[in-house]
Amino acid sequence: MINDINNFIESKKLSLNSRKSYHYDLKQFYKIIGGHVNSEKLALYQQSLSEFKLTARKRKLSAVNQFLFFLYNRGTLKEFYRLQETEKITLAQTKSQIMDLSNFYQDTDYPSGRLIALLILSLGLTPAEIANLKKADFDTTFNILSIEKSQMKRILKLPEDLLPFLLESLEEDGDLVFEHNGKPYSRQWFFNQLTDFLNEKNEQQLTAQLLREQFILKQKENGKTMTELSRLLGLKTPITLERYYR
């Protein structure tokens with residue numbers, strides 16, 4: 001299985017730090033299961049994760065699930081296994097607390113899904129707005145995005161941590177940020193890309209709406225008033241934001 005771990009890591013385009021992280025987590029997985037994958041061994045491994053914090057468990061589960069899928073795809077495993085996080089964040093918690101989603105900025109097999117998630121999380125955009133984003137809407141000199149909607153224009157500052165993922169997409173051919181043969185993708189495509197990315201990160205409970213809510217919570221924490229936040233979101237009235245300011 002050690003060779004399988006090395007082959008799996010080599011098959012992914014990872015930074016040096018990510019390679020080390022994957023190797024450490026999968027070597028730990030190998031030691032616990034003894035190189036044999038079955039339901040009992042996986043249950044034992046999952047039980048061993050109880051001592052780690054939620055974010056660390058999610059990272060380890062994500063690495064192991066990707067590895068298990070790799071083994072299944074190659075025919076090494078005859079049965080498909082997938083581990084689930086047992087301690088889920090409840091919907092109520094998600095709506096009231098800012099989540100640690102730093103793993104969204106790490107390597108992924110779903111770069112389009114990651115960019116969609118980060119555009120929602122960092123700028124509060126809706127999937128419909130993302131689908132219509134033109135590369136000309138971005139000014140990379142001043143790091144701003146201009147959006148016109150319903151005769152309302154808003155200027156959004158692009159966060160530094162978003163830029164590396166965004167610039168990569170802006171350098172590709174085409175007028176739209178996301179397009180296929182010159183046409184925007186369907187709503188289902190955006191949904192599927194985001195879902196695949198969230199599943200990879202073991203954040204299956206999240207949706208585009210809840211990611212946008214994370215943007216709202218962060219902006220409120222940063223001192224934005226209800227009126228200022230409504231302008232950032234392109235809302236005609238701040239009424240729908242009242243529940244976050246009670």
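Numbers here mean position along the shown chain, with the first residue as 1.
Glycine too: its Cβ is placed from the backbone N, Cα and C atoms.
Copied from Swiss-Prot, the annotated features are:
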type     : residues : note
ACT_SITE : Lys149   : active site
ACT_SITE : Arg212   : active site
ACT_SITE : Tyr244   : active site, O-(3'-phospho-DNA)-tyrosine intermediate
DOMAIN   : 1-72     : domain 'Core-binding (CB)'
DOMAIN   : 84-246   : domain 'Tyr recombinase'
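All protein chains considered, the CB of Arg212 (active site) has 18 other CB atoms within 10 Å.
Under a cutoff of 8 A between CB atoms, and with a sequence separation of 6+ in the same chain, the neighbours of Tyr244 (active site, O-(3'-phospho-DNA)-tyrosine intermediate) are Ile216, Leu217, Lys220, Met226. Counting every protein chain shown, 12 other Cβ atoms lie within 10 Å of the Cβ of Lys149 (active site). For the domain 'Tyr recombinase' (84-246), the mean pLDDT of the prediction comes to 88. Residues in the domain 'Core-binding (CB)' (1-72) partition by DSSP class (helix H, G, I; strand E, B; coil) as 59 helix, 0 strand, 13 coil. Counting in whole angstrom, Lys149 (active site) lies 18 from Arg212 (active site) by their C-alpha atoms.
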